[in-house]
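Asks: Quick one: structure below, then a few questions.
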Amino acid sequence: MLRDVSVSDTRTTVLGTEISFPVGIAPTAFHCLAWHEGEISTAKATEALNTCYITSTYSTCSVEEIVEAAPNGYRWFQLYVYRNRKVSEQIVHRVEALGYKALVLTVDVPYTGKRRNDIRNQFRLPPHLKVKNFDGVFEENNSPEEYGIPANTLDPSISWKDIYWLQSLTRLPIVIKGILTKEDAELAVEHGVQGIIVSNHGGRQLDGGPATIDALAEIVDMVQGRIEVYLDGGVRTGSDVLKAIAVGAKCVFIGRPVVWGLAYKGEEGVREILQILNDEFRLSMALAVLFFCITLLLLAQAVQKGQEV
């Protein structure tokens, strides 16, 4: 206490790139359901606030449209592996050519979970919307659709050896999304990825799975700074951000709040969501007598290593 906290600095880095504060946009699908310009508005807001936007495979704007709308934005691309591996290969080469800076491989969806809200709501993508990244990719047939593309296209045989396959396709850093145990975190390190996102897929894949903040500490302790660790799921306030960084996450990613912001006021709404979190995080830092975001991360790493601080 009794320290001057009138000036603070929320900047941090992810994969070597500086962002304005440690909150990025998690990959969420179908932004055009919330706002007519969808992911284009999200990309513009993220570019304006200088943070990281993970574009969803299931976006309702194409990656080309997103890059054109926000050419200076810092973007990663979220990837699934499909039974037809050529589909995954094509999208990898496509986003790399467009200047995306990392691939985020989602590993917790070998099959789509029992999403009761979607069943109850009889969710179908409206006919005027489509998953634009897959225009003309899948052959048209009479098979049932699942979230805008033919059902049963995801490859449930995906395994750790496929990390090497993905690395052979690209020079981009690879981040694995969906890690919840220290054992899987160690395997991620051993397989040469550059980062992991501690994630339970918004709680929609497996009922009763752990909260990400509860899983974070043992993962950070196992990784010991060898790769970067991020978190998504359940972040709603700036103090939530502070807690995750204090435990050892380099950055957090938000999903649902972005869609709420879009539904409220499009690009401006997403900006407001990000600005609210930034302001609250800065306030939480001040009340915890912290001046620099990077100091908080270094303190967390020291505690995890058992060092005196």
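Placed from the backbone N, Cα and C atoms, the Cβ positions cover glycine too.
Unlike curated entries, TrEMBL annotations are predicted automatically.
Quick caveat, the model's predicted, so the values are computed rather than measured.
Below, the features straight out of TrEMBL:
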DOMAIN    1-306  domain 'FMN hydroxy acid dehydrogenase'
BINDING   27-29, Ser56, Gln78, Thr106, Lys177, Ser199, 232-236, 255-256  FMN binding site
BINDING   Tyr80, Arg115, His201, Arg204  glyoxylate binding site
ACT_SITE  His201  active site, proton acceptor
TRANSMEM  281-300  transmembrane segment
Asks: How big is the Cα-to-Cα gap, in Å, between Arg204 (glyoxylate binding site) and Arg236 (FMN binding site)?
Replies: 17
Asks: Quiz question: given the binding-site residues Pro27, Gly234, which has the greatest number of C-beta atoms lying within 10 angstroms of its own C-beta?
Replies: Pro27
Asks: Count the other Cβ atoms sitting within 10 Å of the Cβ of Arg256 (FMN binding site), across every protein chain shown.
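Replies: Arg256 (FMN binding site) is surrounded by 14 other Cβ atoms within 10 Å.
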Asks: Give me the Cα-Cα distance between Gln78 (FMN binding site) and His201 (glyoxylate binding site), rounded to a whole Å.
Replies: 12
Asks: Along the domain 'FMN hydroxy acid dehydrogenase' (1-306), what average pLDDT does this model show?
Replies: 90
Asks: Looking at the binding-site residues Tyr80, Arg115, His201, which ones sit with their CA no more than 10 Å from the CA of Asp232 (FMN binding site)?
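Replies: For Asp232 (FMN binding site), the binding-site residues whose Cα atoms are within 10 Å come to His201.
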Asks: In the structure shown, with every protein chain counted, which of the binding-site residues Lys177, His201, Arg204, Arg236 has the densest set of Cβ atoms within 10 angstroms of its Cβ?
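Replies: Ranked by Cβ atoms within 10 Å, first place goes to Lys177.
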Asks: Return the count of C-beta atoms lying within 10 angstroms of the C-beta of Arg115 (glyoxylate binding site), excluding that atom itself.
Replies: 15
Asks: For Arg256 (FMN binding site), just give me the three-state DSSP call.
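Replies: In three-state terms, Arg256 (FMN binding site) counts as helix.
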Asks: Glyoxylate site residues Tyr80, Arg115, His201, Arg204: biggest Cα-Cα distance, Å?
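Replies: The two farthest binding residues have Cα atoms 18 Å apart.
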